[in-house]
Amino acid sequence: MEVHELFRYFRMPELIDIRQYVRTLPTNTLMGFGAFAALTTFWYATRPKALKPPCDLSMQSVEIAGTTDGIRRSAVLEDDKLLVYYYDDVRTMYDGFQRGIQVSNNGPCLGSRKPNQPYEWISYKEVAELAECIGSGLIQKGFKPCSEQFIGLFSQNRPEWVIVEQGCFSYSMVVVPLYDTLGADAITYIVNKAELSVIFADKPEKAKLLLEGVENKLTPCLKIIVIMDSYGSDLVERGKKCGVEIISLKALEDLGRVNRVKPKPPEPEDLAIICFTSGTTGNPKGAMITHQNIINDCSGFIKATESAFIASTDDVLISFLPLAHMFETVVECVMLCHGAKIGFFQGDIRLLMDDLKVLQPTIFPVVPRLLNRMFDRIFGQANTSLKRWLLDFASKRKEAELRSGIVRNNSLWDKLIFHKIQSSLGGKVRLMITGAAPVSATVLTFLRTALGCQFYEGYGQTECTAGCCLSLPGDWTAGHVGAPMPCNYVKLVDVEEMNYLASKGEGEVCVKGANVFKGYLKDPARTAEALDKDGWLHTGDIGKWLPNGTLKIIDRKKHIFKLAQGEYIAPEKIENIYLRSEAVAQVFVHGESLQAFLIAVVVPDVESLPSWAQKRGLQGSFEELCRNKDINKAILDDLLKLGKEAGLKPFEQVKGIAVHPELFSIDNGLLTPTLKAKRPELRNYFRSQIDELYATIKI
C-alpha cells in the first residue's frame with residue numbers, strides 16, 4: 001500500500017460524512033446521546049472541587065535562610081518577612097470595629113434572645129453610639145482616657161460585653177476580664193494587682209461578691225460597680241456603707257450621653273487587655289496584650305485561610321466560649337472587622353443546641369470537650385451494630401474526599417446519614433475552629449466528615465494572643481496543629497533532661513512575632529521565665545516537626561518528674577494516651593521520686609461504662625461498677641494496651657489504678673477555669689488512694 005493511500009485509509013471522516021451517519025441513527029439513539037452529553041456536562045459543572053490550598057501542602061513551613069537554630073515560618077509567606085497587618089486601615093481593635101461599620105453598611109452587629117424567642121439585633125452604629133456613651137460616662141466619673149486606665153469586666157458573654165469593651169477602646173482604656181470560676185481569692189488578687197477602681201458586672205450576685213471583698217477590707221481600691229441587669233435598692237445601700245457606688249449601665253450611658261467626649265483611639269502599641277491566666281499553681285498571671293498583638297493574630301488567621309475563607313457580612317458567629325479568654329476575643333475581632341453578626345447564647349450551656357438551631361450560625365468556634373461530647377452523643381445514638389457500621393462507612397467515604405481536599409455537605413452520605421447532625425447546629429455552619437486543648441485525631445476526623453465544613457485546628461496560648469499555629473485549607477488530616485501562622489516564627493529548643501533535641505526535630509516550642517505578649521503585669525520574675533532576652537516566648541510544650549512542615553505537640557515540659565530509678569516522666573503525655581479508652585472520662589497519672597513505678601486515678605465515663613462493661617460480661621449501676629474489682633482490672637488492661645500501641649516505654653505504664661466515680665471539676669477544686677488539671681490538689685485529694693496503691697502493688 002502506498003503511503004498516501006495509507007493516510008487516506010486512516011483519515012478522519014469529513015464533517016459531511018458524520019452528518020450523514022447521524023441522520024441514519026434512530027431517534028431513541030440520538031436522545032440517548034443527548035442525555036449522556038447533558039449528564040456529562042452537568043457532572044463536569046457540578047462535580048465537587050477541591051479547595052485551593054495556599055501553598056504546597058507537602059511543605060507547609062520553611063526554615064529561615066541564614067539561621068542555625070531551625071527557625072521556621074509559614075510557607076504562605078512569599079519571603080522571610082512576617083505579616084504584621086492584613087488591612088492597612090485596621091491596626092487596633094477600635095480600627096477593626098470602625099471598618100465593620102463601613103463594610104456592613106451599618107448592618108446588624110450584636111444579637112441576643114430571650115427563652116423561646118427569636119434573636120433581636122442592634123446595628124453597628126448603635127453599638128458605636130452606646131460604646132461612646134459608656135466611655136464618656138467613665139470619663140465624667142473621673143477615669144482617664146489612656147492606656148494606664150484599667151477597667152474591670154466581670155460578665156458572661158452578652159452584647160454589653162462588646163459594647164463596654166468598645167467603650168474602653170474608644171478612649172484608649174484597658175479591659176481586665178474577670179470570671180467567677182477563678183474563685184473569690186483569685187478575683188481579690190486580680191482586683192488588687194490591676195488596681196481596679198471600677199468593675200462592670202452583669203448580675204447583682206457578682207456585685208455582691210465584689211462588695212464582700214471591700215467589706216472585708218481585702219479590695220480597698222474598688223470604688224464603683226456598674227451593673228448590667230436590674231438590682232434592688234438594698235444593694236445600693238450596702239455599697240454606700242463600704243464606700244462603693246453602685247450604678248446601672250443605663251445610668252452610666254445616660255451620663256455619657258449628656259457629657260459626650262470625642263473618642264481618643266489607642267495606638268497599636270498600647271495595651272488593650274490584661275488577660276489573667278489561671279495557673280495550675282500559684283496566683284493568676286496577668287498577660288499584657290496590646291492592640292497590635294490582637295490585630296496581628298487576627299491578620300495571621302485571615303492570611304492563612306484567605307484562599308478558602310474570607311468572613312463577610314453574611315456570616316454569623318455563635319458566641320459562647322468565654323470572652324475572658326483570648327481565643328474567643330480573637331475570633332470575634334475577625335468577625336467584627338468584616339461586618340459580620342455575632343449572636344450570643346442565652347448564658348446556659350444546656351440551651352446551646354436550641355440557640356444554634358435558632359441562630360443558624362455560619363462560624364462555630366469550639367473546644368475539644370464539646371467535640372468529644374458531640375462524638376459520644378452521635379455514636380451513643382447509634383445503638384446497633386448496623387447503625388455504627390453505616391456511620392463508619394459513610395465517614396470513610398467522606399474521609400476519602402477530604403484527603404483530596406474536597407469539603408462539602410451535599411454528598412449522598414450527607415443526605416442519607418449526616419443531615420441530622422448538620423441540622424442540629426443550625427444547618428448553615430461553613431467554618432469551625434478548635435483550640436485551647438488537644439483533640440483526638442479520631443474525633444476530629446469523624447466530625448470533619450460529618451459536619452461537611454472547613455474545620456481548622458489551632459495551637460497557641462494566651463501569651464501569643466491565642467494562636468501561633470493553624471492547619472491550612474486543603475489539609476484536613478488530623479494529628480498535628482498545622483504550620484506556624486504567617487504572623488510569627490516557631491522554633492524548637494533542646495530539652496535535654498527529656499531527651500528532646502532540636503537537631504532531631506523535637507524540643508520545646510518557642511514563638512516570636514508581633515502576636516507575642518509584652519509580659520505579665522507587675523511580675524518581672526515570671527515574665528523572665530516566659531520571654532527570653534531575644535523576645536522568644538517559651539511555651540512549655542514539646543513539639544515535633546513532621547515531614548510536611550506541620551507541628552505536632554507530643555509532650556509537656558512542665559510537671560515532669562523523676563522516678564526512683566532516675567527515669568523522667570511526663571504524665572500529661574501518658575494521660576492523653578489513656579484518655580483514648582472508651583471507658584475513661586478522666587485520668588490522673590502520678591509518680592514519686594521514692595517509688596519505681598506509676599499509678600493512676602481513673603474516672604470512668606458515666607455514659608459509656610455500662611455498655612463497655614456489659615460487653616465484658618459485667619453489669620451493675622455506675623457506682624457498683626466503679627467498686628467492682630473486675631472492672632478495675634479490665635480498665636487497667638485497656639490502658640496498658642493503649643499505652644503499648646502508642647509506644648509507651650514500660651516505665652511509662654501505670655502498674656495500678658484507683659477508680660473514682662466523681663469527675664474532676666472546677667467546683668471541687670481539681671480543675672482550673674480553663675479545665676486543666678491542678679496536679680498538687682489532685683495529689684492531696686487522692687493521697688489515701690495513692691498511698692494504698694503504693695502499699696499494695698508489688699513489682
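Backbone N, Cα and C define each Cβ position, glycine as well.
What Swiss-Prot records for this protein:
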- MET1: N-acetylmethionine (MOD_RES)
- TYR9: 3'-nitrotyrosine (MOD_RES)
- 25-45: transmembrane segment (TRANSMEM)
- 46-699: topological domain 'Cytoplasmic' (TOPO_DOM)
- TYR85: phosphotyrosine (MOD_RES)
- TYR86: 3'-nitrotyrosine (MOD_RES)
- SER136: O-linked glycosylation site (CARBOHYD)
- LYS208: N6-acetyllysine (MOD_RES)
- LYS357: N6-acetyllysine (MOD_RES)
- LYS387: N6-acetyllysine (MOD_RES)
- SER621: phosphoserine (MOD_RES)
- LYS633: N6-acetyllysine (MOD_RES)
Message: Can you tell me how many other Cβ atoms are located within 10 Å of the Cβ belonging to LYS387 (N6-acetyllysine)?
response: 13
Message: Just to be sure I understand the packing, how many Cβ atoms besides its own are within 10 Å of the Cβ of SER621 (phosphoserine)?
response: 9
Whole-number Å value for how far LYS357 (N6-acetyllysine) lies from TYR86 (3'-nitrotyrosine) (Cα to Cα): 33
- prompt: Say you check the Cα of LYS208 (N6-acetyllysine) against those of the recorded positions SER136, LYS357, LYS633; which is nearest?
  reply: SER136
Field: CB within-chain contacts under 8 A for the residue listed as 'phosphotyrosine', separation at least 6
entry: ARG91, ILE295, ASN296, SER299
- request: Measuring CA to CA, name the entry from the modified residues LYS357, LYS387, SER621, LYS633 that ends up nearest SER136 (O-linked glycosylation site).
  value: LYS357
Message: Neighbour count, 10 Å Cβ-Cβ cut-off, for LYS633 (N6-acetyllysine): what number do you get?
response: 12
Task: Specify the count of other C-beta atoms within 10 Å of the C-beta of LYS208 (N6-acetyllysine).
output: 16
Task: Starting from the Cβ of the residue listed as 'O-linked glycosylation site', draw a 10 Å sphere and report how many other Cβ atoms land inside it.
output: 25
Message: Applying a 10 Å Cβ distance cut-off over all chains shown, what neighbour count does LYS357 (N6-acetyllysine) have?
response: 13
Field: Rounded distance in angstrom between the Cα atoms of LYS633 (N6-acetyllysine) and SER621 (phosphoserine)
entry: 17
Statement: Within 10 A of the CB of TYR86 (3'-nitrotyrosine), the number of other CB atoms across every chain shown is 19
